[in-house]
């Protein structure tokens, strides 16, 4: 799967601001495409099927696993997430740059592949601030937030496996730091 396009992988714990940062980067770079992942979780408010995720059943996801249709996949917080191999291959073969928004498990699978991705980890300024952000979201129960925070400890410990780390303390500064990485890597 060696195309002309460059593959970017961004990971972060829940609540680090990854989605906000990715939207800003995509708005600034016309030469960058976004890979929409498949998931079995329910859509959040304002999420659209095919734009934010492809929302599918657990049965349909497991069928994709069995058929080898996924470049990477992981089960996170009781839901499956995965990236279509076909979408990645077609995009890179067209010479387009592609951004994947995936967790550390999936990122590890791609890092071990022959795709030579540019890897970026988004860090919150502190664990305490991450906890506050998750609580302020108002989308998860206390139990789910607790699980997300436990998972965040593991994810944050993986940051050194990534080529670039951006701390999302000040949003504008984090956007600029991220954009500089993309400018350098796509030059």
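Cβ coordinates are placed from backbone N, Cα and C, and glycine is handled just like the others.
All annotation found in TrEMBL is predicted automatically rather than curated by experts.
The model shown is predicted, which means the values in this text are computed figures rather than measured ones.
Feature annotations, reproduced from TrEMBL:
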type	residues	note
DOMAIN	5-183	domain 'Guanylate kinase-like'
BINDING	12, 13, 14, 15, 16, 17, 18, 19	ATP binding site
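A 10 Å cutoff on Cβ-Cβ distances gives residue 14 (ATP binding site) a total of 24 other Cβ atoms nearby, all chains included. Apart from 12, 13, 14, 15, 16, 17, 18, 19, the residues listed for ATP, the same chain places the Cβ atoms of 122, 124, 130, 133, 168 within 8 Å of the centroid of those Cβ atoms. Per-residue pLDDT, averaged over the domain 'Guanylate kinase-like' (5-183), rounds to 93.
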